[in-house]
């Protein structure tokens, strides 16, 4: 089967895409040093291409050279696969694959059948072979990494003739290693990383866009947030990346200026939605009086950026906002427990959450305790009412329980460090995965993802494992970047506990402790991938994907510093994702002006 799209059958919700003939005036304002667009769309030029037009063009281009479609496609389905896989990869890289989910699923089903037959159209081309492996594994198909074993050893690859784009595809495939025993992918990752780094060092990639793409992948592959990856790919997009002859003819016609304009405008629509959500979060923050607190981290913009970066669909606005609200609330209360509040005040917040009842102002003990409790109380009560509608049942008790659990861990950690209690690494990790906040943020926001979540699902071992693995990744990577600061504050984490446990071994260094912590994080990341990619589990894939997205946040924040507390790279990324719209390609803009 060839990849063909039916314009009439492809759903475009009002939230997902507007008519491409709409042209909104652009108004710029400045918010804390950032330019902001206040209109409903950030289209800087009028593009004479409607959604229906684009779907028609896609259907037309994908038919190929034989007008007797799809009959001709049924004759040689394997021959279409290289171009189909390149198209799927491009739709994903440019962030518009959500419009074609059913079509993509159909193609991957066909691809898997060809994979099982070891069809030459897939296996004879190294780049297509690697791409098929990656797309199928991520989708949940059982594909053995041993199929890539011929490329695992650098000695079996002609490094003088192999193209950089092909090595990139091998590198991307190697990132999907889920098992400890997948030695082929481990070897593949090692030599492709070395090869690409050497290409950068010797400045031997003449294509500037390809050079930047290699830099981007090598910088922090596990920490590429979905929408940041889309932004980067839109900036660096080049059809010549796909050089397989079968793909090139058909594919180059589709990926024209119109298609790129569609993807860029879709990005701008999502960006405008993220700006609107930031304004909502800022109003909520002020309504909760959290802006009056004189201590701790104000992470409203950070929370908005992180949620916008991992959850792109415009219709999932509630998911993003609820997730961001809980990042803010958890951070504020964590800072209170760690630095601002007295032990008694911290205990008081937990008692209030357990009782779940508003009090006269005098009974809170301090204004800060009142602000923090009422912020949680009012926010969760409102969310519980809305979640009741979404879920068709009351989930209020479950949501409150999540808050009781995380604050109980905050209290336990406060007591441990305040009393200088001896702690083993296992003791620490058994609780600290909860206090990192991933679990509460994910399960709170997931109530609004559009899927009914039963108690059986939420209380299942699978849910616990998903929460624990993603939280362990974020906790361990956070510990690696913050252990020096926490040691000065007389608190501990996994790195300091590893050092303490090996204090009698003079050869055990900080570097060794960091290496072990990173290995533990990587092990949990792979275990998380195994659960997410596995089919037939209690959680639908859309829910499980949320955990993998949050895992990328941890890899993004703590790759080389603490971007959450001291954002540097994040500030630049925030500008490009939330504040700076993409312009239509100059050629398209010129064509439009000439009409």
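Using N, Cα and C of the backbone, Cβ positions are placed for all residues, glycine too.
Marked as Mg(2+) 2 binding site by Swiss-Prot on the basis of similarity to another entry: 334, 338. Sequence-distant neighbours of residue 334 (Mg(2+) 2 binding site) (same chain, 6+ apart, CB under 8 A from its CB) are 410, 435, 437. For the recorded site, residue 334 (Mg(2+) 2 binding site), the DSSP three-state label reads helix.
Here the Cβ of residue 338 (Mg(2+) 2 binding site) has 17 other Cβ atoms within 10 Å, regardless of which shown protein chain they belong to. Here Swiss-Prot flags 334, 338 as Mg(2+) 1 binding site, drawing on similarity to another entry.
Per Swiss-Prot, the feature Mg(2+) 3 binding site maps to 478, 486; the stated evidence is similarity to another entry. The DSSP secondary structure for residue 486 (Mg(2+) 3 binding site) is helix. Listed in sequence order, 492, 493, 496 are the same-chain residues six or more apart from residue 486 (Mg(2+) 3 binding site) with CB atoms under 8 A from its CB.
Beyond its flanks by at least six residues, the motif 'DDXXD motif' (334-338) meets 295-297, 345-346, 349, 368, 372, 410-411, 413-414, 435, 437, 489, 491 of its own chain at Cβ-Cβ distances under 8 Å. Taken from Swiss-Prot, the feature motif 'DDXXD motif' covers 334-338, and the record attributes it to a curator's inference.
Swiss-Prot lists 1-47 with the feature transit peptide.
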(request) Give the sequence-ordered list of residues that share a chain with residue 478 (Mg(2+) 3 binding site), lie 6 or more positions from it, and have CB atoms under 8 Å from its CB. (result) 436, 493, 554, 557, 558, 562, 564
(message) On average, what pLDDT score does this prediction assign to the motif 'DDXXD motif' (334-338)?
(response) 93
